[in-house]
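Annotation comment: TrEMBL describes 1-63 as domain 'VWFD'. Annotated domain 'Sushi' per TrEMBL: 149-206, in sequence order. Annotated disulfide bond per TrEMBL: Cys177-Cys204, in sequence order. Summarising the annotation, TrEMBL assigns transmembrane segment to 210-232.
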Amino acid sequence: MVATVLLPAEFSNHTLGLLGRMNSDPTDDLMTQSGKVISSANATLGEIFTFGARWNISKMSSLFTYDSQYLLDSYFFPSSHDSAFVPAYSLHAKPDDPLVADMLSMCLGEGAQFCIHDTLISRSLAVGNATLRAHQHYQALMEALQPVVSCGWLPTPRNGRKNGTHYLQGKTLGFTCNEGYILYKSTERTCLEEGMWTGEQPYCISDDKVGFILGAFGSLSALVAMGLTLKLHNRKQARERKVESLEMVTQAQT
């Protein structure tokens, strides 16, 4: 009683009939073969049924393959559409109907109206329950197909751990290092709405390497400081020699 059709994105705006235009615009889904659009917001159930019936195709143009005798007997040989058939658009539960109590306790939440209708029309709680589950599955599928923002995969730092496996908008990953290692850069990174991660990729350095780096940094700092001192000293001596030279020139002129 329910069919879900998934098509590649290139089919957008290239479908007609029961699939609509497949362009995320429900206002033009009910387009007749003549190109007239029926307002889906104001269409009655009868108009929607008539719309679907007019898109009935012949068996010669069907793309289905009936590869068993059961399918041939059930779907191919019977007529595709009975023009005299009129569906029951609405049914009212009778208070004395023994099916009503169990039906109302089962048909709850979103999709309850479809569950009630199919239970009453088929006189089967199993059919109503199947309708309800199909509707819930459809809603979950539509939610899952909503576009999401992903910031992309982040690697686990060597000799460390990554806490979290979700890379979508709003998710935060934490990073730690194994014992004997120190973490540098960002301990946490959050996926932003723009599809970018906050912070910088972390890495883990062992304790002995940290000491070596700090020692090397200290030695380098000492060499830089010594170089600056010698340079300043040389500049000072040059200025003093220049002043002495000017004084000697002045005395000679005198």
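Glycine residues also receive a Cβ, built from the backbone N, Cα and C atoms like all the rest.
For Cys204 (disulfide bond), applying a Cβ distance below 8 Å and a minimum sequence separation of six or more within one chain yields Pro157, Arg158, Asn159, Gly160, Cys177, Asn178, Tyr181, Ile182, Leu183, Tyr184. Using DSSP to sort the residues of the domain 'Sushi' (149-206) gives these counts of helix, strand and coil: 0 helix, 25 strand, 33 coil.
The Cβ neighbour count for Cys177 (disulfide bond), using a 10 Å radius and every protein chain shown, is 20.
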